[in-house]
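S.K.: The structure's right below; bear with me while I get my questions together.
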Amino acid sequence: MKMEMHQIWSRIALASFAFAILFVSVSADDVVVLTEENFEKEVGHDKGALVEFYAPWCGHCKKLAPEYEKLPNSFKKAKSVLIAKVDCDEHKSVCSKYGVSGYPTIQWFPKGSLEPKKFEGPRTAESLAEFVNTEGGTNVKIATAPSHVVVLTPETFNEVVLDGTKDVLVEFYAPWCGHCKSLAPIYEKVAAVFKSEDDVVIANLDADKYRDLAEKYDVSGFPTLKFFPKGNKAGEDYGGGRDLDDFVAFINEKSGTSRDAKGQLTSEAGIVEDLDELVKEFVAANDEEKKAVFARIEEEVKKLEGSASRYGKIYLKVSKKYLEKGSDYAKNEIQRLERLLEKSISPAKADELTLKKNILSTYA
């Protein structure tokens, strides 16, 4: 059983790695936000511009969002193209000027021109990219994000979901279900947020294809979300909101993780409450008393399990350095780590440095 489970997780890890190599990740960070103040500064000059005119409350705009968000990363190397958007609730005069009467409206502004051409095709990333390629003379293909959602089957369900070392969120979906399609891009982001957490799994099961398994877990509508924590493999219904922030807050609370919606560790990550109280005593004590408090920290760390045990070892290292180098050590080390975090480093390295920085802050 252990060998089978090891093989399954190995296959999942290899598949994720392969996807990461083959495809460029998707990000919405490079969509240029246009306003009444900057529209004509950004558009109509040395770049062709694809502009989405939208309203925050518009359902069709929300449906378009995950498709539109694929464009900026794909066109990142096409220096002659700008991917942008305008909030027509906030900047009505801009939208009125360019004849926008419904949402979303997507227009192409050629280089050196403020005379747009309206996009009339299907609202998919592929169709939008083809439109930009035709109008802008580029040859770009859509970058596809690697998926961190674990796809379940009857053969893998028990090994993955009932693994007592994992907290597992499962979406039971049907391919034809509209609400499932709307949830899909959000669910992908949830999986990406927690991809570095070894004991958290975000998974899904085609409940239309595997009806017997879905019925076993009382699935009667789609999507149905169930959480299988380490301590309750019977499963619990997820009844929270379906925005990214809702899912992230839920997993953080249930699994003891500390991630934000971008997948980065928060300032609370690594903090062990019982050790924090001892650190306060340690910092306030004189040199002789510090040694006695350090011995108590060592004893407390021995009691810790799981990720808390790993954090406890960082507390011990910091305490030793504090004894050797004095009270300025924590402040100086925090500044050094902050400089490193500003550089281009891997997510795993960023996690490592952030954990240490958070723990150091309790000594500063």
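Backbone N, Cα and C atoms are what each Cβ position is placed from, and that goes for glycine too.
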S.K.: Check for me: which candidate out of CYS95, CYS180 does Swiss-Prot give as the disulfide partner of CYS177?
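M.R.: Between CYS177 and the options CYS95, CYS180, Swiss-Prot records the bond with CYS180.
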S.K.: Can you look up which of CYS61, CYS88 is joined to CYS58 by a disulfide in Swiss-Prot?
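M.R.: Between CYS58 and one of CYS61, CYS88, Swiss-Prot records a disulfide, namely with CYS61.
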S.K.: Validating a neighbour-count step here. Other CB atoms within 10 A of the CB of CYS180 (active site, nucleophile): how many?
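M.R.: Counting Cβ neighbours of CYS180 (active site, nucleophile) within 10 Å gives 21.
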S.K.: With Cβ-Cβ distance below 8 Å and at least 6 positions apart along the chain, what are the contacts of CYS177 (active site, nucleophile)? List them in sequence order.
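M.R.: The answer is PHE222, PRO223.
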S.K.: Quick one: Cα separation, CYS58 (active site, nucleophile) versus GLY178 (site 'Contributes to redox potential value'), in Å?
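M.R.: On Cα coordinates alone, these residues lie 17 Å apart.
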S.K.: Might you list, by sequence position, any residue in that chain lying six or more from CYS61 (active site, nucleophile) with a Cβ less than 8 Å away from its Cβ?
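M.R.: Counting only residues 6 or more apart in sequence, the Cβ neighbours of CYS61 (active site, nucleophile) under 8 Å are GLU52, TYR54, ALA55, TYR103, PRO104.
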S.K.: Can you give me the Cα-Cα distance between GLY59 (site 'Contributes to redox potential value') and CYS180 (active site, nucleophile) in Å, rounded to a whole number?
M.R.: 15
S.K.: How big is the Cα-to-Cα gap, in Å, between HIS60 (site 'Contributes to redox potential value') and HIS179 (site 'Contributes to redox potential value')?
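M.R.: Cα-Cα distance, HIS60 (site 'Contributes to redox potential value') to HIS179 (site 'Contributes to redox potential value'): 14 Å.
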S.K.: Would you say which of the recorded sites GLY59, HIS60, GLY178 has the most Cβ atoms within 10 Å of its own Cβ?
M.R.: HIS60
